[in-house]
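Novice: According to Swiss-Prot, the record shows the following:
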ACT_SITE  D12  active site, nucleophile
BINDING   D12, A14, D188  Mg(2+) binding site
ACT_SITE  K54  active site, schiff-base intermediate with substrate
Amino acid sequence: MQDSPVQAVIFDWAGTIVDFGSFAPTSIFVEAFKSGFNFDINLAEAREPMGLGKWQHIEAVGKLPSVNQRWHQQFGHAMTSEEIDHIYATFMPLQKAKVADHAEPILNAIDVVNDLKDKGIKIGSCSGYPREVMDILIPAAAKYGYHPDYVVATDDLPQGGRPAAFMALKNAIELGVTNVSTCIKVDDAAPGIDEGHNAGMWTVGLLLSGNEAGLTYEEYQAADAETLSVAREKARLKLQKSTPHYLIDTIADLPEVIADIETRLLAGERP
């Protein structure tokens with residue numbers, strides 16, 4: 001075991017470690033709006049607030065100007081909390097039924113994680129999924145070899161989820177981290193990057209494997225350089241507003257970032 005100045009890396013789940021393109025939640029949001037109220041949203045609208053807890057995500061979709069306008073046209077008022085509750089109640093069984101189908105690791109994620117563990121770095125994780133979804137996803141991902149040291153779901157803590165620091169800090173506490181400046185938060189969505197900043201950690205945004213690029217793994221594999229460049233810049237525009245310390249394509253590029261942060265920590269730098 002090598003001694004690293006990095007104590008922990010805290011990963012998001014969908015679009016970061018598993019589920020290339022973060023399709024499990026987005027497609028289900030579209031389905032839940034349709035099933036719950038016969039109301040159509042598109043994938044771009046479903047993706048817009050990704051990273052929040054799912055109830056808050058539905059609320060944020062309802063507040064998008066395009067959705068709010070159509071909701072007013074169809075129902076004569078803005079979306080209410082009761083309507084959000086109904087969509088959420090529709091969403092949950094759909095999500096639980098599908099999430100295990102999206103548990104396959106992204107690229108060489110398992111090797112990257114295991115190499116971090118070999119260096120004595122703890123592996124934390126948190127998600128916008130609630131606990132009842134995570135209870136299905138965790139064992140499904142374990143079958144592929146993903147075994148984080150700790151998992152926090154968005155509804156585990158009474159204080160709430162992203163973009164606040166609570167889930168990241170809960171990981172730090174449970175992993176025995178003595179200094180949050182030795183932690184790295186890795187995420188494909190802005191609220192998760194904000195979470196890392198709010199927790200005083202280094203932050204790494206993922207451009208091509210997650211929600212903002214919205215590519216399937218097959219599209220990613222087949223894409224030429226120009227297509228990837230367009231997808232990369234689309235994601236960069238969204239993620240750079242959260243000013244992550246690093247922006248990389250996928251988890252496959254993370255080892256170089258870890259090495260750089262190790263050098264910076266040893267030189268006395270902090271996030």
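Even glycines carry a Cβ here, placed using N, Cα and C.
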Novice: Near K54 (active site, schiff-base intermediate with substrate), which residues of its chain come within a Cβ-Cβ distance under 8 Å, counting only those 6 or more away in sequence?
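Specialist: Long-range Cβ contacts: P25, Y88, F91, M92, Q95, G128, Y129, P130, T154.
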Novice: When you measure from the Cβ of D188 (Mg(2+) binding site), which residues in the chain that are at least 6 apart have a Cβ under 8 Å away?
Specialist: D12, A14, G15, T16, S22, G51, G205, L206, S209, G210, N211, E212
Novice: For the recorded Mg(2+) site formed by D12, A14, D188, name the remaining residues of the chain with Cβ within 8 Å of the site's Cβ center, in chain order.
Specialist: W13, G15, T16, I17, D19, S22, M50, G51, S127, D187, A189, G192, L206, G210, N211
Novice: Please report the number of other Cβ atoms within 10 Å of the Cβ of A14 (Mg(2+) binding site).
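Specialist: Neighbour count, Cβ to Cβ under the 10 Å cut-off: 29.
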Novice: Does DSSP put D188 (Mg(2+) binding site) in a helix, in a strand, or in coil?
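Specialist: Where D188 (Mg(2+) binding site) sits, the three-state DSSP reduction gives coil.
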Novice: What's the number of neighbouring CB atoms sitting within 10 A of the CB on D12 (active site, nucleophile)?
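Specialist: A 10 Å sphere around the Cβ of D12 (active site, nucleophile) contains 29 other Cβ atoms.
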Novice: Quick one: what's DSSP say for the residue listed as 'active site, nucleophile', helix, strand or coil?
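Specialist: DSSP assigns the residue listed as 'active site, nucleophile' to coil.
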